[in-house]
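Working notes, structure below.
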Amino acid sequence: MTAILERRDSENLWGRFCNWITTTENRLYIGWFGVLMIPTLLTATSVFIIAFIAAPPVDIDGIREPVSGSLLYGNNIISGAIIPTSAVIGLHFYPIWEAASVDEWLYNGGPYELIVLHFLLGVACYMGREWELSFRLGMRPWIVVAYSAPVAAATAVFLIYPIGQGSFSDGMPLGISGTFNFMIVFQAEHNILMHPFHMLGVAGVFGGSLFSAMHGSLVTSSLIRETTENESANEGYRFGQEEETYNIVAAHGYFGRLIFQYASFNNSRSLHFFLAAWPVVGIWFTALGISTMAFNLNGFNFNQSVVDSQGRVINTWADIINRANLGMEVMHERNAHNFPLDLAAVDAPSISG
C-alpha cells in the first residue's frame, strides 16, 4: 500500500511539473522548448560577460600572435570582443575538458565556441517556444516564421560560414569593432556587395524601415480623436477596445492621392502581412547569400570587363570595388600570409628536405 501511494505521489508531482511548464497562465510562458532555452541562453550570456571583461588574448590565426579582446586587457566597449576560436582548433568540438588546462582553452579561444553554440541552440529554442505558445493560444504560426529570419542570419555567420571556410576562427567576433572587421574581410574575400542575395537583403532592411515609418506616420496622422486638444491623443485609446483607433479610409485616400491609387492598401490584413513579409524575405535571402559565399560561391566579378576598340580597359565602379577589395585583403591577417590569395600567382616553394 505504501509503494502504491509513493508512485501516485510521484506521478502527481510529474503531472504538476508538466502543467506548470505548459500552462499559458504564467507571467512568462516556459514551454518544453523553454526548458532547454533557459539554461543555454543563461550559459551563453554568463560566459560572454565574463569573457568580455576578463578573457586573456587568443591566438586566433594559430601563428602564436595572440589578439586581445577583453576590457581588462586594454580594450573598451567599442574595441572589445570575444575573439573567435583559434585556427589551430579548426572545426573541432573544443569543450573545456578537451584542453590540457583552462589556460590552454582560453589561449585557443574556447569561450567563443562555447558562447556561439549555446547561443544558437538557445535562439532556436526561443523560436520553438514562440511556435509552442502560439499553438496553445490557438494563434496562427506567422510569428515564428518572422523570427526565423534573424535566426537564419545568426546561424549563417556563426555556424555555416565557419563550416564552409573550415575553421571557427573565420566566424564573426562577438563585439562592435569585431563585427565591422568581419564585414570588411567578408567583402574583401567574397565581394558580398556584388552578390544579388545581399542586394535583396539591403532592399528588405531599408525597405522595411521605410514601410514601417510610412505606416506608423499614416496611422498616427489619421487617429480618430477621442480627446480634447488639451489632452494627449494617446489618451483616447483603451486597451482591448472594439472600435477602430484610426481611419483607414482617410489614410488610404491620402496615400493614394500622394502617389497613385493602387500604391495604397485597402485591406488592413494584407497590409500588415506585407509589412512583415518584406524584411523577412530580404533577411532570408541575405542568410542564404552568406551560406553560399561560405563555400566560395561569391558575388559577381566584373573586373576589367569594359574595354575600348584598342583593347584598353575602361575602369568602372566594379573595378574600383575590386581594387578596394585587394587593399582590404592585404591588411587582413597581415602576418599570416604575405599576399592576398588573389595575388598569389605561383605555388609556394616546397620546404621539405
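If you go along the chain as it appears here, the first residue is 1 and each next one adds 1.
Cβ from N, Cα, C; glycine included.
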Quiz item: To which of H198, H215 does Swiss-Prot also attribute binding of quinone at the site defined by S264, F265?
Solution: H215
Practice problem: Would you mind telling me which of 70-85, 102-117, 118-133 Swiss-Prot tags as transmembrane segment? | Solution: 118-133
Practice problem: May I ask you to check whether the transmembrane segment (142-156) and the transmembrane segment (118-133) make contact, with contact taken as at least three Cβ pairs under 8 Å and only pairs 6 or more apart in sequence counted? | Solution: yes
Quiz prompt | Least surrounded among the recorded positions, given as H118, H190, H198, H215, H272, when other CB atoms within 10 Å are counted | solution = H272
Quiz prompt | Y161 (site 'Tyrosine radical intermediate'): tally of other CB atoms within 10 A of its CB | solution = 22
Quiz prompt | Positions whose Cβ lies under 8 angstroms from the transmembrane segment (274-288), at least six residues beyond its ends | solution = 142, 145-146, 148-150, 152-153, 155-156, 197-198, 200-205, 207-208, 211-212, 215, 265
